[in-house]
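Features as listed in Swiss-Prot:
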type	residues	note
REGION	78-104	region 'Disordered'
BINDING	191, 220, 249, 285, 305, 306, 307, 346, 347, 348, 349, 385, 412	substrate binding site
BINDING	389, 453	Zn(2+) binding site
BINDING	535, 538, 543	[4Fe-4S] cluster binding site
């Protein structure tokens, strides 16, 4: 494993002005981690002085410039210290984790989900944590702008109504809880995972840590190669963000890769295995039905979901209904016992713009809405997965129908990609569609890397994919009226006009790349970030901001 990117924090990763800060809870003994960047100047925004900016931070302990971490030991089980006794869980006889912690499960007939407690009127430590985290220690600023800070009660209400989820398996004590819902900050997910053609456990753990450090709010382990269980264990024990999986992939490995030999029993045991390890949410393709297969098979690009194609093959081979649909209530009984959220997979998402918004896609969406209500009956947290390849002018309909058919459960989309001809640049393609759908109410964007449709991404691709989708999510937050997002842009604009390069680097979504590009270009002029009153795009004689300042000064 590369120690520079994982076990040993890079002291300059976020810049020398950056530090890790915590905000204490008032209901529970929690410490909410954030990033604080000190600014060289004091900037005035709406009459308020700012000499620093608190930022939402997904890097966890790995982002602490003073921390040392051994990925072979894992992170500290911080949630174990919060003192919340739900009275409904007990230890199992399951396999010990690499941290020597026995898995826990709900007592017979009980539920331990965030939705369960929310509906009972109970504010959990996780609810208080995400409320503090969403505000970024800027409650006074939010109120000054005419907004309302997020409160634990608001979080509880959103979770109780199913409009938001807090994916936090009781067996994943290492995570820093986060919330997914359209009334909160837009989140992004990064996919990692080995395949039969390459990648080791060390590489996947490194990519997971790398993704968190660059801004991934959740990580999905989509491993389909060897050592799936061990790879997932290492990732979970070192992840400060929720981890999702597609259990069907491991179930398929257990039957030698033959979809026809899958069974409910194999799948059920896989769910329990992964839930005991601490997986926070499962993508489950329960919405693809035998009756919808003819519509999907008539498409230009057929079924492009791996899980969807596996279950379609099983249905055809056995001439039976999808067992993930017929056993959905049984699945929910397992999920409620560990607080694993279900991400209802869009097995029939369009794989080309010619298939967008067709009968197969929207027929499945209605089924997902029906399954949402069944999951909620058991207090299981739900989010809905969405497309896919959709041209810009057809995106709005996706968001409107999702809200209508799926009862306002959070929407989680792969893009959408707005064209089919952007190979090599599909991360940008995805971010274009993602920005639009997130501004309309999508809660989380699944990142796409430059390798989409071409190959397995490496850690540089992960970084690129995360940052591009972080831009999309931030742009959507601005469009939705986020006062914390607006403040960051306001401070950046003021720093830019003042030629305070270090402040610009600190406020950028990618401080490292921003600093590197500027240093490489300004060196040829003999200036530095401390002295340059221009950039090499225009030079000292044609810098519009410099000229504007000179003109204003002469008036």
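The backbone N, Cα and C atoms fix where each Cβ goes, and this holds for glycine too.
Just so it is clear, the model here is predicted, and its values are computed rather than measured.
Summarised by DSSP class, the composition of the region 'Disordered' (78-104) is 4 helix, 4 strand, 19 coil. Put plainly, the binding-site residues 249, 412 were compared by Cβ crowding within 10 Å, and the winner is 412. If you take the Cα of residue 305 (substrate binding site) and the Cα of residue 389 (Zn(2+) binding site), they are about 12 angstrom apart, rounded to a whole number. Neighbours of residue 305 (substrate binding site), defined as other CB atoms within 10 A of its CB across all chains, total 23. Residue 389 (Zn(2+) binding site) has 349 as its nearest neighbour among the binding-site residues 349, 412, 538, 543, going by CA to CA distance.
Those same-chain residues not listed among 535, 538, 543 yet with C-beta within 8 angstroms of the centroid of the [4Fe-4S] cluster site C-beta atoms are 534, 536, 537, 539, 540, 542, 544, 545, 546.
The binding-site residues in question are 347, 535, 538, 543, and the one with the fewest Cβ neighbours inside 10 Å is 538. The binding-site residues considered are 349, 389, 453; of these, 453 has the fewest other C-beta atoms within 10 angstroms of its C-beta. With residue 453 (Zn(2+) binding site) as the anchor, the candidate binding-site residues are 191, 307, 412, 535, 543, and the one with the nearest CA is 191. When the Cα atoms are compared, residue 538 ([4Fe-4S] cluster binding site) and residue 191 (substrate binding site) turn out to be 39 Å apart. Under 8 Å, Cβ to Cβ, and six or more positions away along its own chain, residue 307 (substrate binding site) finds 246, 248, 249, 283, 285, 345, 347.
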